[in-house]
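One structure is given here, and the rest of the page talks about it.
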Amino acid sequence: MRFLRFVTAFTLAFLMTSPFAVADEPVRTLFVGVAGLEAANVSPGVLSALEDHGAVVMNLHTRTASPDTCPVDGWMSIRTPGNAIDYEGRQSHGGACRPSLDVIFEGEPGTPGRAKVQGFEQITRGVKWPAQPAAGVGVGPGAALVLASQSGEVASWLPAPGSADELGAVALRTLRESPGNVFVDAGWVDAGMNATDANNGMANIADSNNADATAPAGPTGLSADQVNARIEAVLAAYAQFEQQHPGQVRVVLASVGRTAPGPALQFGAVTDATVTGTTSNANSTGAEAVTTSPASVPETATTGLFYSSATRSAGLATLGDVRDLVAGEPLQVQPMSVSAAHAQLADEATHALAARSSLTPFFVAWGAFLAIGVLAGVLHFVRRPAKSQAPAWIWRNIAVWNALAFAVIPAAMIANLLPWWRLSTHPVLPILLVFAIAAVLVALVRSSNQPVAVLAALTVLLVAVDIVSGTHLQRDGFFGSMTLVSRRFYGVSNRSYVILLSAALIATLPWIADRFPHKRQEAARGVAAMGVSVLAIDALPFWGADFGGPAGIIAGFGIAYLLVRGIRPQWKHVAWWVLLSAAAMVFAGALDARSASPSHIGLFWKNFGSPETLTLVADKARDMAATFAGHPLIVAAVIVAVILAVVAARFARKLFKPREDTEKLTFTPNPHLEALREATPPGLAAVAAGIAVGALVAVPINDSGLLIVVDTVAIAAPALVSILARRLQMSRTHCTESPQFDA
């Protein structure tokens, strides 16, 4: 307990004294929203303007309820958390994004006035829209949406001009004349629409005084160059206003979604209010003068990557972070130049896209590889179980094949340290790289008495270090969280949970074998110690922050502990499991809720019972239920697997009881049973049972649902088959080769 308190105090002290710079809270916010702008297509002019203003840049993960975030979804998310998604727009456009918004403007040209978003009730169907309208002045269709009341009414709004210079002039005039926040929709990058069509890519605005008259509400189908030009114009307007009214406005630039199909990281930036005294040239557009080169920023400004506590990563932010920045949340910055930060963002965006496009081919290849190995082992055992029926080299090859399939897991984490996506984004390259690293790992452990256990220990070490250090190995790795589709980017994901549970239990086999059967209590203590370590890594909020993990880990390691000790599980052990699981979850939540930057666990307990937490629970339940409803074959397979597991457990208890009690094998005429009993090392049945129980307990708790069972089988089966195959190799009577685990 003293050690735990020390670790907790040290970690909290580290977080409180982190080197991230904190900026002062601004007075007002100029929000510049766009769509379809990524780090790869941000213009040098925009980057130069941001550099001049001491901006902090970021990649935006724009997922709401779906990984594909349309511009309308993103604009709604600036106003409200939760599932902000335009279902009606997708349905009416064949699954594609709504290409534009229609706004009824009731004011005078050039003057902010009342407006109404047409079809607002349909757009926000299923969205929990705030009861009170947001304060501020909007320019353009997206800004009308973010300022709308529950009925779609906007108190102060202007249409966005088609010209970039005119947009800058409107932004400058609005900053001067409006005391509150200003929201500007600078345009949506074209994703199939013709930017030079009859409407010139404009959303329509109807004049309430003339129902037949229409005028552009704002560009929604532009090229990236056009959107960049409009951003530059708005930033130039801000620069001129900042010279006249220094230190009053924060600028938040965010690409809130994209009309193109498929997710991609969007670009964002924020610059705090700064005191400048530098003049710059200006040219006139209409009645307004707008600077063409932003004012230079003071030397004290800190440029770099935005650090988000929501992602625990520098350079990666969410729409929730953007919403907080608009509300005046202080900045945390990892200092570097804007050009260097932009280069890193572009590289990470390329990695994210390459990893996502390679994910399905990788799992097809790996799944086929491990299926061949597992089926070969099972079928060969069924056909030729006796010692005289199969030479040792067959079992050796089966053992190596399955060990290679298991070694793919740590190899994938190691491969993520190598920037393969800079050479090629084709899926073949990372797949070959991972299998090559796996082959090297198998070759390195071939002389070990228990090579699979060594690979498992390496896997546990990689996962543990990764979780404690911030999960950079797992992010956009094949067994980690995909940046483009995940909901969070730190701690233990559902697949990481399965890997940690399975690998940690398998890694205890050498310890058990050295102490079995004379020191069973000591062997069980080793299993318990591993379980406590895994539980700490998984559950502590500043590491794994896994809300549902403790119940599965305690159950899995608990059943393994009992079986290694030779204790028959009883109902009282279930009560102990419930008590310990609840205590672990409450302790982690209470510890996290007291921290300055709580994780999702601490926020859940802090806001327990609020609409946001109820929505979160409903989303989790929906995602978990979808794994049942959408995969009937998986449901049937799991039911069969549970039945077989129960039968196998009862069978295994009878099969291994003589050896555990008397160290003596009883004769059986069945060659399969005789070979299986001889091949099963001490503790393997307990480890397998622990893995199965830990996975099954996690099914109703996590949103992955039945997919956890699939992951568990894919991860653990090759390891277990390899262990048994190697034991069968060593026991063959006609084996003339060395029993060494040759690769």
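Every residue gets a Cβ built from N, Cα and C, even glycine.
What TrEMBL records for 1-23 is signal peptide.
As annotated by TrEMBL, transmembrane segment applies to 363-382 (among others). Residues 390, 394-395, 398, 401-402, 404-405, 408, 431, 478, 672, 675-676, 714, 717-718, 721-722, 724-725, 728 of the same chain sit 6 or more residues outside the transmembrane segment (363-382) yet have a Cβ under 8 Å from a Cβ within it.
Per TrEMBL, transmembrane segment is recorded for 394-415 (among others).
The transmembrane segment annotation in TrEMBL covers 427-445 (among others).
The annotation transmembrane segment is assigned in TrEMBL to 452-474 (among others).
Annotated transmembrane segment per TrEMBL: 494-512 (among others), in sequence order.
Marked as transmembrane segment by TrEMBL: 524-543 (among others).
Annotated transmembrane segment per TrEMBL: 549-567 (among others), in sequence order.
According to TrEMBL, the feature transmembrane segment maps to 574-591 (among others).
Here TrEMBL flags 633-652 (among others) as transmembrane segment.
According to TrEMBL, the transmembrane segment annotation covers 683-701 (among others). Listed by sequence, the residues of this chain that lie at least six past the ends of the transmembrane segment (683-701) yet keep a Cβ under 8 A from its Cβ atoms are 494, 497-498, 501-502, 505-506, 508-509, 512-513, 516, 523, 527, 547-549, 551-553, 555-560, 563-564, 624, 642, 645, 649, 652, 656, 708-709, 711-712, 716, 720, 723-724.
The annotation transmembrane segment is assigned in TrEMBL to 707-725 (among others).
Between the transmembrane segment (549-567) and the transmembrane segment (494-512) there are 3 or more Cβ pairs closer than 8 Å, counting only residues 6 or more apart in sequence, so the two stretches are in contact.
Proximity of the transmembrane segment (494-512) to the transmembrane segment (427-445) is not established, fewer than 3 Cβ-Cβ distances being under 8 Å for residue pairs spaced 6 or more apart. By the Cβ criterion (distance under 8 Å, sequence gap of 6 or more), the transmembrane segment (707-725) is counted as touching the transmembrane segment (394-415), at least 3 such pairs being found. Each of 394-415, 427-445, 524-543 was scored by its Cβ pairs under 8 Å to the transmembrane segment (452-474), and the highest score goes to 394-415.
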